[in-house]
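Here the structure comes first, spelled out in C-alpha cells, and everything after it is commentary.
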Amino acid sequence: MSSCNFTHATFMLIGIPGLEEAHFWFGFPLLSMYAVALFGNCIVVFIVRTERSLHAPMYLFLCMLAAIDLALSTSTMPKILALFWFDSREITFDACLAQMFFIHALSAIESTILLAMAFDRYVAICHPLRHAAVLNNTVTVQIGMVALVRGSLFFFPLPLLIKRLAFCHSNVLSHSYCVHQDVMKLAYTDTLPNVVYGLTAILLVMGVDVMFISLSYFLIIRAVLQLPSKSERAKAFGTCVSHIGVVLAFYVPLIGLSVVHRFGNSLDPIVHVLMGDVYLLLPPVINPIIYGAKTKQIRTRVLAMFKISCDKDIEAGGNT
C-alpha cells in the first residue's frame, strides 16, 4: 500500500481498443455528427429565443434540451477528436473528474427535462383548460432550475468518491473519455461505496424519470382513446410523437450502455467504447432533427433563414 497513490497525475485514454490504427478515420464521422449537433441545437436555441410565438412551455423545454445537448457533446468531443487525430491520450486527474461530472450531471438534467416535457403533454391533453395555469413560463423556468440543481447534486459526489480511492497499478482507461465506471475499475481499494452510490443515483434519477414518463403516457393514451373522433385522436397523438422520439433516442442507448457496463464483462471492449460514443452523440444529433421536422414554426423559420441566405448570395453574384 505504500506505493499506492490517491491520485494519478494523468490518465491515459486508449480510444477504441484494438482499432488504434483506424482512429484517424473514425474521427471524420464523429466530427460530422458533432457538427450536425452543434448546428442543429444552436438553430433550435436561436429560433426559440427570437420567435415570440414559441415562448411557450414545450418550446422553452426544447430550448433547454438543446442547450444541454450542446454542453454534453462539447464536454467530450474536442478531447475525443484530439485523441483520434493527434494521439492526445493524456488527461489530467482533475480534468478527468470534471469531464465525468459533466457527463453524468448533464445526462441527469436532460432526463429531468424529458420528464417535464412528458408532464407538459399530459396536462395539455388530459387537462387542457388548466394547462395555462399549471404550466406558465415562470413555472417552466423554475422547473429548469430544479432540473439543474437535481442533476448536479445527485452526481457531484461521484468525483469525490473517486478521490478517496487509491490507484496502484494502471492509469490506462480503455475508453475515449472519462466515466465513473471505467475510472473506478482502475482503483486498488474497495469500490463498493462507488458502486452502491452510482447505482442508487441512476435509479433515483433516470429510473424514477422513466417510471413517471411511462405513467404520463399511460394516462395520455387512456385519455386519447376516449376521444370521440378518429381525427381528434390522431391530432392528440401527433402532438406527442416528437417527444416520444426524443425519449427513445435518449433512454434506449442509456439503458443499453448501462446493461453492457454492468453485465457485459465478456463483451469485446470495442462494444463498450462504441456504444459510449454513440450514446453521447445520438440525442444531440437526432433531437433537433425530430423537432425541426415535426414543428411547423421551427421548420418554416429554418427554411426562411436558408432562403434569405441564398437570396443574398444570388444578389452578391449578380452585383459582381
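Note that the numbers count up from 1, one per residue, in the order the chain is shown.
Cβ atoms are placed via backbone N, Cα and C, with glycine included.
Partner cysteine of Cys178, as given in Swiss-Prot, is Cys96 (from among Cys63, Cys96, Cys240, disulfide bond). Topological domains recorded in Swiss-Prot put Gly18 on the other membrane side from Ala236. Same-chain residues at least 6 positions away in sequence with a Cβ under 8 Å from that of Cys178 (disulfide bond) are, in sequence order, Phe11, Leu13, Ile91, Cys96, Leu97, Gln99, Met100, Ile103. Looking at which of 54-74, 139-159, 196-216, 237-257 has the most CB pairs under 8 Å to the transmembrane segment (25-45), the answer is the stretch 54-74. When secondary structure is read from DSSP and collapsed to three states, Cys178 (disulfide bond) falls in the coil class. Cβ-based neighbour count (10 Å, all protein chains) for Cys96 (disulfide bond) stands at 25.
When Cβ-Cβ distances under 8 Å to the transmembrane segment (139-159) are tallied for each of 54-74, 99-119, 196-216, 237-257, 273-293, the top count falls to 99-119.
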